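Participant: From TrEMBL, here are the annotated features:
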{"type": "TRANSMEM", "residues": "B:30-47", "note": "transmembrane segment"}
{"type": "TRANSMEM", "residues": "B:67-95", "note": "transmembrane segment"}
{"type": "TRANSMEM", "residues": "B:107-124", "note": "transmembrane segment"}
{"type": "DOMAIN", "residues": "B:124-265", "note": "domain 'NADH:quinone oxidoreductase/Mrp antiporter transmembrane'"}
{"type": "TRANSMEM", "residues": "B:130-148", "note": "transmembrane segment"}
{"type": "TRANSMEM", "residues": "B:160-186", "note": "transmembrane segment"}
{"type": "TRANSMEM", "residues": "B:206-233", "note": "transmembrane segment"}
{"type": "TRANSMEM", "residues": "B:254-274", "note": "transmembrane segment"}
{"type": "TRANSMEM", "residues": "B:294-315", "note": "transmembrane segment"}
{"type": "DOMAIN", "residues": "B:296-435", "note": "domain 'NADH:quinone oxidoreductase/Mrp antiporter transmembrane'"}
{"type": "TRANSMEM", "residues": "B:322-343", "note": "transmembrane segment"}
{"type": "TRANSMEM", "residues": "B:349-370", "note": "transmembrane segment"}
{"type": "TRANSMEM", "residues": "B:390-410", "note": "transmembrane segment"}
{"type": "TRANSMEM", "residues": "B:430-449", "note": "transmembrane segment"}
{"type": "REGION", "residues": "B:524-577", "note": "region 'Disordered'"}
{"type": "COMPBIAS", "residues": "B:538-553", "note": "compositional bias 'Basic and acidic residues'"}
{"type": "COMPBIAS", "residues": "B:568-577", "note": "compositional bias 'Polar residues'"}
Amino acid sequence: MEWLLAAAIGLLVGSGVYLLLSTQSFTVVLGFLLLSYGVNLLVLAGGRLVVREPPLASTGPAAADPLPQALVLTAIVIGLGMTAFALALALWAARRSGSGDVRAAAGDDGDDDP
Amino acid sequence: MMPALVLLLPLGLGAFFILWPRPDATLRRGLALAAGLWLLAAALWLLEAALNGTPAAAVAGGWPAPYGIVLVADALAALLLVVMALLALAALGHAAATDADRPHRGFHALFQLQLFGLAGALLAGDLFNLFVFFEVLLLASYGLLLHAQGRQGRPCPPAVALHYVLLNLMGSTLFLLAVALVYAAAGTLSMSQLAARLGSLPAPDQALAGAGLMLLATVLALKAALLPLLAWLPGTYAAAPAPVAALFTLLTKVGVYGLVRLWTIANGGIAAALPGLPAPLPGGDPAHPVAGLLGPVLVTAALATLAAGAVGALAARGLRRLVAWLVPVSVGTLLAGIAAGGTDGLAGALYYLVQSTFITAGLFFLADLLPAAVADGRRGQETPPGQRPAPVLAVLFLLGAMGIAGLPPLSGFIGKALVLSAVAPANGPLWAWIWTVVLAASLALVLALTRTGIRLFWTPLGAGAPAAAAPSLPVLLPALALIAAGPLLTVLAGPATQLAEAVARQTRDGGSYAAAVAKLAPTAAPAAPSSTRRRSGRHQEARQSSIDCRHGVEPGASARTSMRDPVPTSSAMEQPP
């Protein structure tokens, strides 16, 4: 069970970092998405892996740690909002600068020193 | 309940502004200013309470203390809340006087949500809520950066916005990663519990928690713009409209605030007053090995940031970009004092923080009042065509420049002198480096500011060139008020340094912080159920494996569910089925 989860987290984080290094803004957003999935799984694993037990202390002798589940729920919501915003921003920037390159139009109004 | 009210007002007002269908600028401004005044009063009340030794604390969300949303307004948080409220009032005043809030309908809503995020980050009592409030303030800052246009009507360049947003997205992801690691190792995210527990973790957990804390320090260094993570700052701050840039000067300070908290946690400082725990400060053994690592790393990064900021200020073209480079200079000075100077260093740094934040923000307003071509320093347009800027602006610039560079009569000098004397030779071997870099950076700032001042205000246009009309008083007032913090903090240097020392002492010894959190716990023992979580967790795992055995599951399979802790594995194997 752990090796499966560990491999999934590693794969997601590795792919995420690889995509983050791209120069295309859309690819970077995809990388952020994968990275945040990996981190969300890690948060869940932070509460130990307990299989088939409810996250409630009062129901029986064994219980999953409820706190990471609450944390990961919050993190998923935040991650969704941030991804949506980043996608909208990437679209806006691509329209403004005419290309999806994150380095494009750095000094389009002459403000930046060459 | 006061800390919760400080959060609810900006949140409610922000929501109201979003839902308000008919934009009525006057009403919005009035409401926002009233809310700012109320925030200032509340922050002062919280500061007063904290200095009297009983920091206000509250728990939101209906869960008891270690699990609910714990808000603690100790003296450090309350002091920064006061700074935030004053800065917000000035920024709102500037925005209203220059109509910067008019082009974008969402300005006031985003501004209030930004205040909500800032206040929440300052008050949050555990790492996860710190993460959440950082997200709130970042999201609001993205909106403000992208949409609010300054008096000079320049939208933000796409590359600047992309860099700022994408970098901070990565920072947020790393923040969550660090939080997960710390929780996996220590079993708690509450700042007071973490400080109490870090020192007594078993060795493998120590390493994991240490990795988490250092990752957290990296993320906070990104927010505070320490050197390797500095490049996003000047472009972003120079592109932001003046009221937003003024508020952004506080964003980096919140990163510094987070580092101070982390530093205190790693030193076990917050927990010093909990019964049965040794008090590792001052100057004793660090509670967690990370504390020994974090100090040198912070000092090195701070000095490098300081040097980079000074070089950037020398190279900057135009006032706006020059002022943006002043931010890392201030952050570097602050952190050098905090990481190397002990309690005195923290006190000096707090004094310096207040004055440098106000003056930097005031200089951003000042740059907004100059003609756009002058403030941006565009090539070939270094002088305003035909007119000299109004003399009153030159006087303000002189005051601000002297204050921020640290020339003797003004507060910047006092702040730097306090920081430097705190890292005097007696306190450590690093002092020579810190003195050299801080003083050399001050010289570089004097040069850069003098050169810019000459180019802006003193360029020989010929005696006959008319001076531009002075801006009206409401337009001038916010910049004047903020830059006047320099002379004011000089006159009031005695009380101000006493206040800073009291705040620093309370932050470093942390007893009242821990007491305030302990008061929130349902029982007399602070958070007893959670403090035994790790041990009970092991029991649970052991129990669970025995249950699984009864169900006919291979014992090793479920014993392995405890991922990296050999203890429950062996104890589970010994359990009779």
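Positions of Cβ are set from backbone N, Cα and C atoms, glycine also.
It should be emphasised that the depicted structure is a prediction, and the values quoted were computed from it without experimental measurement.
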Participant: Given pairs 6 or more apart, does the transmembrane segment (B:430-449) have at least three Cβ pairs under 8 Å with the transmembrane segment (B:322-343)?
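Facilitator: In contact, yes.
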Participant: For the transmembrane segment (B:294-315), which stretch among B:30-47, B:322-343, B:390-410 has the most Cβ pairs under 8 A?
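Facilitator: By the under-8 Å Cβ criterion, the transmembrane segment (B:294-315) pairs most with B:322-343.
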Participant: Using a Cβ-Cβ cut-off of under 8 Å, list the residues of the same chain that are 6+ residues beyond the ends of the transmembrane segment (B:390-410) and lie near it.
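Facilitator: For the transmembrane segment (B:390-410), the sequence-distant neighbours (Cβ-Cβ under 8 Å, at least 6 residues beyond its ends) are 326, 330, 355-356, 359-360, 362-363, 366, 369-370, 416, 442, 445-446, 449-450, 453, 456-458, 467-471, 476, 479-480, 483-487, 490.
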Participant: Residues sitting near the transmembrane segment (B:30-47): Cβ under 8 Å, six or more positions beyond its termini, same chain?
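Facilitator: Residues 2-3, 5-6, 9-10, 13, 16-17, 55-56, 73, 75, 77-79, 81-82, 84-86, 88-89, 92-93, 96, 108, 111-112, 115, 119.
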Participant: Should anything in the same chain at least six residues away from the transmembrane segment (B:67-95) have a Cβ under 8 Å from its Cβ atoms, list it; otherwise answer none.
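Facilitator: Contacts with the transmembrane segment (B:67-95): 2-4, 6-7, 29, 32-33, 36-37, 39-40, 42-44, 46-47, 49-51, 55-61, 101, 107, 111, 115, 118-120, 122-126, 129, 190, 242-244, 246-247, 249-250, 253-254, 257, 260, 350, 353-354, 357-358, 361-362, 365, 368, 474-475, 477-479, 481-482, 499, 502-503, 506-507, 512-513, 516-517, 520, 530.
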Participant: Could you tell me how many residues in the domain 'NADH:quinone oxidoreductase/Mrp antiporter transmembrane' (B:124-265) are helical, how many are strand and how many are coil under DSSP?
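Facilitator: Per DSSP, the residues of the domain 'NADH:quinone oxidoreductase/Mrp antiporter transmembrane' (B:124-265) fall into 115 helix, 3 strand, 24 coil.
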